[in-house]
Amino acid sequence: MSSFHATTIFAVQHNGKSAMSGDGQVTFGQAVVMKHTARKVRKLFNGKVLAGFAGSVADAFTLFEMFEAKLEEYNGNLKRASVELAKEWRSDKVLRKLEAMLIVMNQDTLLLVSGTGEVIEPDDGILAIGSGGNYALSAGRALKTYAGENLSAKDIAKAALKIAGEICVYTNDQIILEELE
């Protein structure tokens, strides 16, 4: 599977709420849709953290497990767990080959974590990854900026992914949506 050509993950913090959405499509190679309802967004750490992945499915399961272990080790400190995961991911010979990216968030913090060691916190409370990430990011920013008073974080996350799914062939309309309150 080519890296990141199988999904879109979008996350937003808005009006004191945090929401993350992901599509359900799993693509094998460049031409075959293998699954329509994969769950790429999950609640972790007793429902206090959301995590979403783009990339190889097997790699993502490994990273979810590692990230949850880091959350436990650092008592739910999202930034510390993310930095430690990125350090281990970048420095380990086997893990370095994993083809995935993660978005993680709690009520206060939103982060992008990658295998090259980046842990990035956006300025505007919005992140998107995957093949449809740029479409979702653009839609989400427009929605938050121009309709934010009338929409919840959950509404923005759902609409941004729906728009990305209408444009990106690797993103479908089987949206998984999680929210932290």
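From the backbone N, Cα and C atoms, a Cβ is placed for every residue, glycine too.
Record features, source Swiss-Prot:
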ACT_SITE  Ser2  active site
BINDING   Gly165, Cys168, Thr171  Na(+) binding site
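Of the chain residues outside the Na(+) site list Gly165, Cys168, Thr171, Thr8, Asp23, Gln25, Ser131, Gly132, Tyr135, Ala136, Leu161, Ala164, Glu166, Ile167, Val169, Tyr170, Asn172, Asp173 have their Cβ within 8 Å of the site's Cβ mean position. A helical conformation is recorded for Gly165 (Na(+) binding site) in the three-state DSSP classification. Around Thr171 (Na(+) binding site), taking its Cβ as the centre, 30 other Cβ atoms fall within 10 Å, counting all chains.
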